[in-house]
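Participant: Relevant sequence annotations retrieved from TrEMBL are reproduced here:
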type	residues	note
TRANSMEM	12-37	transmembrane segment
TRANSMEM	49-68	transmembrane segment
TRANSMEM	75-98	transmembrane segment
TRANSMEM	118-141	transmembrane segment
TRANSMEM	161-182	transmembrane segment
TRANSMEM	188-209	transmembrane segment
TRANSMEM	304-324	transmembrane segment
TRANSMEM	344-364	transmembrane segment
TRANSMEM	385-402	transmembrane segment
TRANSMEM	422-444	transmembrane segment
TRANSMEM	456-476	transmembrane segment
TRANSMEM	506-525	transmembrane segment
Amino acid sequence: DGKKGGFRACCFVFALGALENIGFVANMVSMVIYFHYLLKFDIPTSSNTLTNFLGSVCLLSLLGGFISDTYLNRLYTILIFGSLEVIGLSMVTIQAYSKDLRPDITCEKSCIKGGIALMFYGSLSILAIGTGGVKGALPALGADQFDSKDPKGAKQLGSYFNWYMLSTTFGAMIGVTFVVWVSINKDWYWGFFMGTMAAIVGFIAIALGKPFYHYPPLRSSPLLRIAQIIVVAFKNRRLTLPENPDELFEINDIDKYQYDEKLPHTNQFRLLDKAAIVPLETFPQPWKVCTVTQVEEVKVLTRMLPILASTIIMNTCLAQLQTFSVLQGAFMDQHILGKKFPPASIPIFPLVFMTFLIPIYEFVVVPFARKITGHPSGITQLQRVGVGLILSIISMGVAGIIEVKRRDQSIKDPFNPISLFWLSFQYGIFGLAGMFTIVGLMEFFYKEAPSGMKSLATSFAWLSLSFGYFLSSAFVDIMNAVTKKIAPSKKGWIEGDNLDESNLNLFYWFLAVLSTLNFVVYLLCASWYKYKEDTAESETESRNDQ
């Protein structure tokens, strides 16, 4: 239908992406200060509470992706989880406003308890469920508006993810500047209230686009299909695979694959092929045999897992950079160009860079690379992710150098600290890394995912972030425990409330070394991975040879 789909429908997706991201990013960069100063958490607890919350948001994106693939279309999933997000934001706003729901100003330790704790953890839980569900369905709703099998649609799909990233960047810029400034300089509840209202307007906008959306048909539960393959393959484990893959069970019905994607056989994970061994029955039951396409769908997801795992370390670095850079800024000169600049607003620098670099990448880099490679996106999605991983390594190294400069100056002359602007270098490089990695992962998982699993697979990009956030919390605790034992001072690298007495630079450099090792693993995983188009071409060539 020419009246549906395309970039016209995506405009509503971009609107929600920008408006919903205003409050989310503002909370992401400033809540660590809110936890530390108003809720009386110490620095490690503030950091871990924030990273656990963000990790939960990203993990729960799988729930939104699963539901929008199986039970509800993307729009209804977004609106239902969006309602929960608004409720969660409203509860956070109320707690920040009411003095009765905050710890007493004289409290120094274990201040969150009783009704205050119930309100605090309840609001964060509801907010995590709502935000995660929205982020699990929203990117796929926009991507559904293009036909990736059409050459023009394939180019537009690659461009869509760039523009989606740009729309969220605009929202993030407003969040880390205006909303953060209001939170810190006026009152926290005003910042939370602004994020709540922006989200409400965004959900109204996405609902208004209903007549323009194209909805792919829902399919059976992807978890049920995966379980079916595993059970049948286990039952057939003693059977011998036929030498010719054409003897495996398949349904060659054009009507069946009008909306579903028929996948060719591949030689990876041959053990799963036993689920497609043709039984002796004339009319086999579904739990006794699976089609080659069903088996290949599970193989595709299995091939994605090493790629997912090899990007977790980068996201761990991102989580640490977000939290500790804000805390670093509290010990720096916060005046830039004669005006006071909140430390939580320092991400504005990479966001400004990205605002200019994303259009340059789309209109200059991609067309130039497309002429050389012939790829619709200029370079493959995994190559794009690899560039981001290299930039993240550089960012961690730079962060350690800047922390040494900040700490030395603070110890030498505490009344004349270095400028907050120095943090823009590590944030700027990491912002570029995110531009390459996050967008590359989203496009990769969406394009490579089987039909009926698009939202769930796209959520894998958020799942990688989730593991990174959770792992970052463990990193801080483990690193403090280990360094307490081996350090001559018997103090952890990141301990207490004074960064000048910590060794945050060593922690950054440790992450840089770990990221380098992780990049080597990623190269092995990426070189091993076979794109669906490549497997289809190789299957055709092998049949022609026969």
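Backbone N, Cα and C define each Cβ position, glycine as well.
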Participant: What residues elsewhere in the chain lie close to the transmembrane segment (188-209), defined as a C-beta under 8 angstroms and at least 6 residues from its ends?
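Facilitator: Residues 9, 11-13, 15-20, 22-24, 26-27, 30, 34, 38, 75, 78-79, 82-83, 85-86, 89-90, 92-94, 96-97, 138, 171, 174-175, 178-180, 182.
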Participant: Would you kindly check 75-98, 118-141, 344-364 and say which stretch has the most C-beta pairs under 8 angstroms to the transmembrane segment (456-476)?
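Facilitator: Result: 118-141.
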Participant: In the same chain, who gets a Cβ under 8 Å from the transmembrane segment (304-324) while lying at least 6 residues past its ends?
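Facilitator: 28-29, 32, 46-47, 50-51, 54-55, 347, 382, 385, 388-389, 392, 395-396, 399, 426-427, 430, 433-434, 437, 441, 444-445, 448-449, 457, 460, 463-465, 467-469, 471-472, 475-476, 494, 504, 507-508, 511, 514-515, 518, 521-522, 525-526, 528-529.
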Participant: With a cut-off of 8 Å between Cβ atoms, can you find at least three pairs linking the transmembrane segment (12-37) to the transmembrane segment (422-444)? Only pairs 6 or more residues apart in sequence count.
Facilitator: no
